[in-house]
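Novice: Structure provided below as structure tokens; questions to follow.
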Amino acid sequence: MTFLFARAPSIRIAPIPTAARSISHSVSVSKALPFYLNNLRSTEQNDGKVLRMLMFGKPGAGKGTLSARLVKKYDILSLSTGDLLRQHIAERTEVGRQAEEIVAQGNLLPDDVMLKVVASKLESLNNRHWILDGFPRTLGQGKLLDAHLQNQNAPLSLVVNLDVADNVILSRISDRWVHLPSGRVYNMSYNRPKVDGFDDETGEPLTRRPDDNPEIFSRRLKKFYDSTSPLLAYYASSVNKSARLVTLQGETSDEIWPQLDAAVRRSFPSIRERASSIAQRRYSLSDPFTMEQEKRAIKRAAASDGPNPSNFLN
Ligand code: AP5
Ligand code: MG
């Protein structure tokens, strides 16, 4: 299946799907998340290094929460496959219809479906600082990701393993509320919304995830141990020389964040912090605000000597 990750000659996502489109640009995938990053200029590279990071950990370990804190502070984009799948489900795309029952039952989607979901998004992250949350989740996905990144000459730089005890996670999950359109995560004891039941940014209602109940959660945890945890040995092995593997442990609310911040700063000492005016927003690839920002950046680039956005923005 490696061919699915082979770099396409053109990676623009046209608004009107054509029959000739490759699998990674299928109708259902592009419908769920229109995307505008492809022709952006490269991120200013810090010390010649680009942050390409995996946020790895059990369900409920805090991957989404900590990714959001990093992208709020630094000029980084995040991509959560769980958020992407929930968007597909909400939009009733082909992938979403297939994913609905699997996600609700706490099982993993097949690797080839996940590739359809993430391939075009990964192309778009080229030369940006990025974090992947929830991908790869099997050894097969890990090898395919490596092949793809090798093809782009853009190897992983950091793998962060959030090591949180099972009993701690179980109590968190029962307190979790999410804003589905953006993926923003709240917790009634750790980070409450300003108004109970409503998203801080949009004021829209928060919901519970259907897979956040004790029975399904224990299946998700088992899947993690069976299918996902072998990836840790893979990233610790010499096969993956480029990526530093860092394990962070913590139980209470803010124990892990300073460790994570320090790990990122150590690897990327000059990584840029966001301007305070936009630091209030979560920079996720599933957040409509992000895409608006990126569209504006493309237009600014076009106004100087950048690429012509009309090729791919309509
Ligand atoms: P996904 O959405 O990725 O779920 P997950 O991996 O089970 O992880 P969670 O989102 O539940 O937890 P998290 O680590 O992000 O924790 P959070 O920050 O929310 O995937 C869902 C499903 O999609 C999968 O089960 C599968 O079916 C499918 N899928 C996705 N990717 C796939 C792939 N690659 N292949 C196949 N299938 C795939 O935090 C949890 C709670 O703890 C929150 O309430 C939060 O506020 C709280 N919290 C966080 N940090 C702290 C802290 N430090 N102290 C106290 N509370 C905290
Ligand atoms: Mg999450």
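Glycine residues also receive a Cβ, built from the backbone N, Cα and C atoms like all the rest.
Per TrEMBL, the features are:
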BINDING   Gly60, Ala61, Gly62, Lys63, Gly64, Thr65, Arg176, Val185, Tyr186, Ser253  GTP binding site
BINDING   Thr81, Arg86, Asn107, Leu108, Leu109, Gly134, Phe135, Pro136, Arg137, Gln141, Arg209, Arg220  AMP binding site
DOMAIN    176-211  domain 'Adenylate kinase active site lid'
REGION    80-109  region 'NMPbind'
REGION    175-212  region 'LID'
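Can you walk me through where each of these features ends up in the structure?
Specialist: Around the Cβ of Gly62 (GTP binding site), the same chain contributes Leu162, Val164, Arg172, Ile256, each under 8 angstroms and 6 or more positions distant in sequence.
Residues within less than 8 Å, Cβ to Cβ, of Thr81 (AMP binding site) and separated from it by at least 6 positions along the same chain comprise Met114, Val117, Val118, Leu132, Asp133, Gly134, Phe135, Arg137.
On the 0 to 100 pLDDT scale, the model's mean across the region 'NMPbind' (80-109) is 95.
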Novice: Would you mind ranking the binding-site residues Phe135, Tyr186 by how many other Cβ atoms sit within 10 Å of each Cβ and giving me the lowest?
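Specialist: Result for the binding-site residues Phe135, Tyr186: minimum number of other Cβ atoms within 10 Å at Tyr186.
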Novice: Listed binding-site residues are Gly62, Gly64, Asn107, Tyr186, Arg209; which sit with C-beta under 6 angstroms of ligand 2?
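Specialist: Among Gly62, Gly64, Asn107, Tyr186, Arg209, near ligand 2: Gly64.
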Novice: Counting each residue once, how many in the region 'LID' (175-212) are helix, strand and coil under DSSP?
Specialist: 0 helix, 13 strand, 25 coil
Novice: On a simple 10 Å Cβ count over all chains shown, which one of the binding-site residues Gly64, Asn107, Arg137, Arg209 is most densely packed?
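Specialist: Of the binding-site residues Gly64, Asn107, Arg137, Arg209, the most buried by Cβ count within 10 Å is Gly64.
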Novice: Going by C-alpha positions, which of the binding-site residues (Asn107, Leu109, Arg209) is nearest Gly60 (GTP binding site)?
Specialist: Arg209
Novice: What is the three-state DSSP composition of the region 'NMPbind' (80-109), stated as helix, strand and coil residue counts?
Specialist: 21 helix, 1 strand, 8 coil
Novice: Checking the contact step here: among the binding-site residues Gly64, Arg176, Tyr186, which have a Cα within 10 Å of the Cα of Arg209 (AMP binding site)?
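Specialist: Close binding-site residues: Arg176.
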